[in-house]
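Asker: This is the structure I want to talk about, given as structure tokens.
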């Protein structure tokens, strides 16, 4: 971390990794939508989504082509996950990905702040807690593992019963919309709320935030202690 007026939060590798992840998610979403036009149950009824996404299936963009894109995205996501783990294990150890008790309490305090029932956000540890819980663990790990398992069942559908295939497709669709919701909220919270915009600008810029921002919001970035809140001393004064 820099001792000057700016603090490096995301290295060039991490910023490139973020861009690659955006491309992969875009591939997943675009290639997955046409499959919503298929009937999810073996009763011969048309899918309620057929009139929304059915138009996407037209030569040369057949379901086989979309499936190829979907599988390529899955392979890239798995490779990116391995590279990410290796990078943070061997090269850049500045992280704290495990969910701790303070993360839960800070996440609740943050939610109350955005709902207007708290006057300020807490000072965070290394990661923003709601982002860590919902984006990192909720989407990137838990829901994507669920998508992988249900996706394998759907790809090798001949090996499973009609009931298993039907449940797998329903879960695949539910997980998709949950992931899409969290992604939209992630974009909304970083782009709309001015207090979060320095992180957005850093991620798509030089990776740096002002030292004053780090000291106020993420003191661990500059070797501080989030439990020591100077705002409380200011209030006492």
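Just so you know, glycine gets a Cβ as well, placed from its N, Cα and C.
Keep in mind it's a predicted model, so treat the numbers as computed, not measured.
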Asker: Pick from 102-124, 171-193: which range does TrEMBL record as transmembrane segment?
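Answerer: When 102-124, 171-193 are checked in TrEMBL, transmembrane segment belongs to 171-193.
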Asker: Region 'Disordered' per TrEMBL sits at which of 196-216, 217-237?
Answerer: 217-237
